[in-house]
Amino acid sequence: MDPGYPAGDIAPIAILMDELRSEDVQLRLNAIHSLPTIALALGPERARDELVPFLQDSVDDEDEVLLALAEELGRNFEEYIGGGEYAHHLLGPLENLSAVEETLVRDKAAESITKVAAVLSQAQIEEYYIPLLKRLSSGEWFTSRTSAAALYPPVYAKVSPAIQEDLRKGYAAIGSDDTPMVRRAAAKWLGPLVKNFSKQHVLSDGLPIYRRLQSDDQDSVRLLTVEGLITIAQQMSPGEVKEQLLKQIRHSIADKSWRVRYMAAQHFNELAEAVGVELVREELIGQYVQLLKDNEAEVRTAAAGQIPGFSKLLDKEVILARIVPCVRDLSQDNSQHVRAALANQISGLAPLLGKDSTTEHLLPLFLHLLKDEFPEVRLNIISKLETVNGVIGIELLSESLLPAIVELAEDKSWRVRQAIIEYIPLLANQLGKPFFDEQLGNLCMSWLGDTVFSIREAATVNLKKLTEVFGVEWSKVAIVPKVMGMGQHPNYLYRMTTVQAITVIAPSLTLEIIRNDILEPLLALAKDAIPNIRFNVAKSLEVLAATFSKAPDGLDLVQNKIVPVLEAMKNDSDADVRYFAARALQKGIGASA
């Protein structure tokens, strides 16, 4: 759209009307996305008087188009109709969109109304927004009443006390609506609304609404009250929580629906912090243990994710007496997802328990989880070893856990060996260079001679990652001599591994190391008796040429050393060697020319 129409020109609105009547949905969508341009062309006054009323009548369309309209009106659209003092004009079309059947459109419309409310003055809110809210709250269809719930929190703090009282009554009516969908919305938005209540109104109005929703016969409503419970508890003293909310806390945690218990488990740390230390010790420890032992794996998984956070609120003796036995049970859980969640969090207990208790109680569990058949469990344990290392020290860690890692590294199942290889760079990063060289260096090199190709391949990638962790100088001393030494091995598989390892590692190394330590032995392998090795040398030379020929020194090395060998290989007796030599000259050398 050209924004340069003369003020009196009707063209923009006419074109928009035509496009919105088009049978092509994409054309209608494009028209909606061009609304800001059309509004600019019309000018603020005509945008208010013609465009907005037209949009108000344009709600009979595909959901996709309505969603785009709801979104567009919330993108500071008031700037195109004269600024904040006229923003209330946008409430009309958005009100209509808030009552449509499609949930996504209603949610987006409510979100846009909230954005518009942010720029409205108190007078505008009381004159235009509050009547809209009342109309939606008492709408005949549940769709409008559902949308209304989201619209109470944004304006509650901006209106007079008398209107605030009306809003509290209106919200209470939504909270006891006949339709479960409306009650769900009331439960969802109760927390944000109660945050704006004074202490007195939390007790007189917020609590009754919460209690009504918390005892709802629909679990889809009850599960959404957990966040409201936390917000209400945050605004009360510990004594008031104990007196007013303890019964509801117990009900939520022991709810007959696993979905409600899952929500309680997922938000347990927030709840514990909101109710205060005294109630945690008196009441919540038992409730938490109950969740850790729940019948449903999903609930145990959510509860396991809260272990370190909740344990921070407890004394060490209590953790050892109440939490650690549950952790022990969870490490043997039938569900791999529970064990994975536990493995991800268990290391967080180490700083709370200290060196001796960690060694006695947690290390055996680490060892057990490290041997788990499910890869995610093993990964979660290895990825969090740094925390444990900080508590018990590297010596103790290596004495206890390293034998298990070495055992897995030599497991008869190649998939287990492969999984451990993939974790080695992570371990190396956490344990440091000296420890790695002493304990794991030889292990990493031994994988290069594994009987399974996938292991040898993973081992070469592992060496590249280790080079990135410890640096090129370390690689020059620790990796390169051993890799190049395998190039002299009588077994051709070892010689092949040397070539493949160079191909993978070379881009991470410096030109100096390539020139001094790698190139001559590699070029010697170009004359190997095995064709497979010769054509892999050609592939490796292609990588070297492409990587190092961008610098003048590198280009010189490529032209003088690599090109003559590749030219000779083009005349090889084996067709594959000739092909890869030609390709290396074309791609590796051609790219640098």
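Backbone N, Cα and C define each Cβ position, glycine as well.
The repeat 'HEAT' annotation in TrEMBL covers 12-50, 90-128, 206-244, 245-283, 284-322, 323-361, 362-400, 401-439, 562-593. Look at TrEMBL and you will find 363-511 tagged as domain 'Phosphatase 2A Regulatory Subunit A helical'.
When DSSP labels each residue, the repeat 'HEAT' (284-322) comes out as 29 helix, 0 strand, 10 coil, counted as helix, strand and coil in that order. Counting residues of the repeat 'HEAT' (362-400) by DSSP class, helix then strand then coil, yields 33 helix, 0 strand, 6 coil.
Cβ atoms under 8 Å from those of the repeat 'HEAT' (284-322) belong to residues 249-250, 253-254, 258, 261-262, 264-266, 268-269, 271-273, 275, 277, 329-330, 333-335, 337-338, 341-342, 344-346, 348-349, 352-354, 357, 361 of the same chain, restricted to positions at least 6 beyond its ends. Outside the repeat 'HEAT' (323-361), and at least 6 residues removed from its termini, the chain residues within Cβ reach (under 8 Å) are 289, 292-293, 297-298, 300-302, 304-312, 314, 316, 368-369, 372, 374, 376-378, 380-381, 384-385, 387-388, 390-393, 396, 400. Same-chain residues lying 6+ beyond the ends of the repeat 'HEAT' (562-593) with a Cβ under 8 Å from its Cβ atoms: 519, 523, 526, 531, 534-535, 537-539, 541-546, 549-550, 555.
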